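Notes follow the structure.
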Amino acid sequence: MLQCGISRRSFLVFCTSLMVAAPYGLAITDKKTPEEVAAGLDKVLRPPIIWLHFQDCTGCTESMLQTSAPGFADLILNVISLEYHETLMAGSGLQARQALDEAVKRYAGKFILVVEGSIPTKDHGIYMKIAGRPAMDVLADVGGKAAAIIAIGSCASWGGIPSADPDPTGAVGVADLMPDKSIINIPGCPPNPYTMLGVVLQYAADGTFPETDEQRRPKFAFDRDIHEHCPKRAHFDAGNFVKQYGDEGHREGWCLYEMGCKGPDTHAGCSTRHFNEIPDVWPIGIGAPCIGCTEKAVAFKVPMFQVVQLHTIAAPPTAFAPISTTYSTISPLATGLVGIAVGAAAGAGYIASRKFSRAEDDESVPGSVVPDNKSKPESSDSDRPQL
Ligand code: SF4
């Protein structure tokens, strides 16, 4: 690290502050600033990590490999000690199995086990064996000796795609098999790598996990729903909905609620921390509805185009994200009319006026209705694409 011209502490402060904590608008823990967390990291030994794959597509690992601050190489060389990872290690076969056995023995009671993929339970192992042992036995053995477990991805958190109906393997998450173990779930398909980094950095700093919700998810990344922070939220409040992929509303970037977007029912940080470190690279950002991959009751259970019930939306926000639109001229008359009709906050009036302006320009624009922030869209099955 010093050969690169910066100290380890400077590097950790940078990556902790800029890439992990700042995007969530808070410190990694509610007690410490990023600088304090990084200062702690500077003093501790790198925690040993053993990473096991079960029924997975390796997308979670792939997601982790896309980080740059810290990059995965920096993470495993400067922050943690990655003792075993089947995708990244050079060894295979007997050599790999010996490496796993030795790591478990050497760090028994001290290592963090990261689990990627669901565990098949039906018929005790006929669907998956690792070095001749059923997956359930491998998890019980290695997980039983771990200090704590991080279940990365929706599959490891509660079954994910393999558990979708008809669930031929009896796929479950880690906590289903080891309910009393210290486990933190980082669901997502794939999960956001910076959530994982935040959890690992805090554990490396002081040996604790962040505060979690009732589904064992770290609150710092899962305490708000997608709909709260969605850049298309203003379109939702204005009643502008995509009716079909490729229609004018879709091209204009309107709300995807009627296309089955699960954003109102999904807690995750995707709308504030995008993927591959490229702005707008997340499902809604590229014009696809949220599928609710971080929610156990939604992902791979609720049909893709089924419209979710609006449970938590009591009132629109007082400030909206900007709308990108080619219809940028705002008619003063329309602004005044909307201000009178809606009688709402200035931000809401502004957004609505833009909609009025469009409607006046072109009455054929889909969804050109008087905005009504309280009564939210009635969806029509006939408008919705069929699976
Ligand atoms: Fe965004 Fe989906 Fe909510 Fe529309 S329904 S504002 S696309 S999260």
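Any Cβ shown, glycine's included, is placed from N, Cα and C.
The following features are taken from TrEMBL:
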type	residues	note
BINDING	CYS57, CYS60, CYS155, CYS189	[4Fe-4S] cluster 1 binding site
BINDING	HIS227, CYS230, CYS255, CYS261	[4Fe-4S] cluster 2 binding site
BINDING	CYS270, CYS290, CYS293	[3Fe-4S] cluster binding site
COMPBIAS	373-387	compositional bias 'Basic and acidic residues'
DOMAIN	57-202	domain 'NADH:ubiquinone oxidoreductase-like 20kDa subunit'
DOMAIN	222-305	domain 'Cytochrome-c3 hydrogenase C-terminal'
REGION	357-387	region 'Disordered'
SIGNAL	1-21	signal peptide
TRANSMEM	333-352	transmembrane segment
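Structure with TrEMBL features highlighted.
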residue	record	Cβ contacts under 8 Å, 6 or more apart
CYS57	[4Fe-4S] cluster 1 binding site	ILE161
CYS60	[4Fe-4S] cluster 1 binding site	GLU116, ILE152, GLY153, ALA156, GLY188, PRO190, PRO191
CYS189	[4Fe-4S] cluster 1 binding site	GLY59, GLY153, SER154, CYS155, GLY160, ILE161, ILE291, CYS293, ALA299
CYS255	[4Fe-4S] cluster 2 binding site	CYS230, LYS232, ARG233, HIS235, PHE236, ASN240, PHE241, VAL242, CYS261
CYS270	[3Fe-4S] cluster binding site	GLY188, ASN192, ILE226, TRP282, PRO283, ILE284, CYS290
Cβ within 8 Å of the [4Fe-4S] cluster 2 site centroid (HIS227, CYS230, CYS255, CYS261 excluded): which residues? ILE226, LYS232, ARG233, PHE236, LEU256, TYR257, GLY263, PRO264, ILE284, CYS290
Looking only at the domain 'Cytochrome-c3 hydrogenase C-terminal' (222-305), what are its DSSP counts of helix, strand and coil residues? 25 helix, 4 strand, 55 coil
Of CYS60, CYS261, CYS270, binding-site residues neighbouring ligand 1, Cβ under 6 A: CYS261
For CYS293 ([3Fe-4S] cluster binding site), the number of other Cβ atoms found within 10 Å of its own Cβ: 22
Composition by DSSP (helix, strand, coil) of residues within the domain 'NADH:ubiquinone oxidoreductase-like 20kDa subunit' (57-202): 67 helix, 30 strand, 49 coil
Take the mean position of the Cβ atoms of CYS57, CYS60, CYS155, CYS189, the recorded [4Fe-4S] cluster 1 site. Which other residues of that chain put their Cβ within 8 Å of it? ASP56, THR58, GLY59, GLU116, GLY117, GLY153, SER154, ALA156, GLY160, ILE161, PRO190, PRO191
Min neighbour Cβ count (10 Å) across binding-site residues CYS155, CYS230 flags CYS230
